[in-house]
Amino acid sequence: MAEEVLLLSSPSESCTSLLSEISNASTRAFVLAFTVGSCGAFAFGCIIGYSAPTQSSIMKDLNLSIADASSILSILYSLFGSILTVGLILGALICGKLTDLVGRVYTIWITNILFVIGWFAIAFAKAVWLLDLGRLLQGISIGISAYLGPVYITEIAPRKLRGAACSMSQLFTGVGISVVYALGTVVAWRNLAILGSIPSLMILPLLFFIPESPRWLAKVGREKEVEEILSRLRGENSDVSDEAGEILAYTEHVKQQGDDRGFLKLFQRKYAFSLTIGVVLIALPQLGGLSGYSFYTESIFISTGVSSDVGFISTSIVQMLAGVLGTVLVDVSGRRSLLLVSQAGMHAYYYIYFTNPFLIENHCWETGTPILALISVTLYFGSYGLGMGSIPSIIASEIYPVDVKGAAGTMCGLASSISSWLVAYSFSFLFQWSTTGTFLMFTTVTGIGFVFIAKLVPETRGKSLEEIQSLFSF
């Protein structure tokens, strides 16, 4: 049980140990590959954060009006925000087959080219349909890269750094959202789109120098290249023969037990446990109200007398700091411990939130109501940033054997996109029905999620991918 308790007594020692491991294990090839993954996550965040600060200026420049809802142009522009989700679903549908067919690196090429084309379509758009096309292409690309990024970093990173490297990369998504949102207040929307393309343009030349995933090479029969790539990733003086042997032996074992059912192979009984864990963990934050709650946060601040600017700045800082702390601890305390603490914090938020209406209605502690509102919101997003924001993607990229990893990526991507869309779409209707009932529903989901993690999710820290996948396949 010791592994299930957060070891926070000496965070400086944990951080020093992590930095020491990074310096010892990193090579030029690994650093370049990690940089590509981080820039890709940053580009992901830039796309997500673009529409909020630019909506009014785009409508003004293109002579659109919300009041004129019957206008064809206004209807087309209304797709600008929602069509990203359509692209996400399309990207999720093809990500698995694409990464299995052409490999991780060539798929990164494709996604970043789509990123750039999408940004330029928006930047130079003279018609609304071109804005929508650019946004659709961006949605497809992030639908692919949402699973591809963690998988690539997981497959190339040393086991002691795997969680931290993947978590740190995911952290850049939040940084991208914050940077674009801040720039959007001072930069014109066309110029902001051009700036948004810079991370992807920076990635493209680096792609000539990063290695392919050794596990994908083993899967497609290029066994001779596996040890060579591992030597580049671990250092020329490192003995990678045991790691290469483990990868090749496990891949051969999977091939001997395999069949040609393609996507349907994922639904065999031996993958039922891993499929359940991956899909539920990916969908759990959304089903717990994350998408809808993100839209409702400003209303909570306003209704309780908290400045929305102060609230958003506070929650952004806390979420970022929690993400950094989670990155440091993920390979020290483990995935499962952080998931439990994170889910417990998101669940506890609702109990604090429920005290606000009672205090307001009974005129109790009126000066404390804004404080409670701010605490509850920062607790929710801080808890999310600590674990549930990044660790589900890490675990989903660790637990599937290479022969079903593509199909699993499609399933996880669809679970994330569809659950996010369902909650975001239904949130306002649920609130019109019953605010209390809606929050009770989300409270129940987060509570069930905590029990699910506690009872079913095993620890994967410190194990090779092959050991983890053997643990999950039975």
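For all residues, glycine too, the Cβ spot is worked out from N, Cα and C.
Bear in mind that TrEMBL entries carry predicted annotations, made automatically and left uncurated.
Straight from TrEMBL, the features:
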TRANSMEM  29-52  transmembrane segment
DOMAIN    29-461  domain 'Major facilitator superfamily (MFS) profile'
TRANSMEM  72-94  transmembrane segment
TRANSMEM  106-130  transmembrane segment
TRANSMEM  136-153  transmembrane segment
TRANSMEM  165-183  transmembrane segment
TRANSMEM  189-210  transmembrane segment
TRANSMEM  271-290  transmembrane segment
TRANSMEM  310-330  transmembrane segment
TRANSMEM  337-359  transmembrane segment
TRANSMEM  371-395  transmembrane segment
TRANSMEM  407-427  transmembrane segment
TRANSMEM  439-457  transmembrane segment
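For the transmembrane segment (407-427), the neighbouring stretch richest in Cβ pairs under 8 Å, chosen from 136-153, 271-290, 371-395, is 271-290. Among the stretches 136-153, 271-290, 371-395, the one making the largest number of Cβ pairs under 8 Å with the transmembrane segment (165-183) is 371-395. Long-range contacts of the transmembrane segment (29-52) within the same chain, counting only residues at least 6 positions beyond its ends with a Cβ under 8 Å from a Cβ of the stretch, are 80-81, 84, 108, 111-112, 115, 118, 122, 135, 138, 142, 145-146, 149, 152-153, 156-157, 165, 168-181, 184, 192-193, 196, 199-200, 202-203, 206-207, 209-211, 232-234. Here the transmembrane segment (371-395) does not touch the transmembrane segment (106-130). Their Cβ atoms form fewer than 3 pairs under 8 Å, with each pair 6 or more residues apart.
Long-range contacts of the transmembrane segment (136-153) within the same chain: residues 33-34, 37, 40-41, 44, 47-48, 83-96, 98-99, 104-105, 107-108, 110-112, 114-115, 117-119, 121, 162, 165-166, 169-170, 213, 393-394, 396-397, 405, 409, 412-413, 416-417, each at least 6 residues beyond the stretch ends and with a Cβ under 8 Å from a Cβ of the stretch. Three or more CB pairs closer than 8 A are found between the transmembrane segment (271-290) and the transmembrane segment (439-457), so contact between the two stretches is assigned (pairs 6 or more residues apart). Taking residue pairs at least 6 apart in sequence, the transmembrane segment (106-130) and the transmembrane segment (189-210) share three or more C-beta contacts under 8 angstroms.
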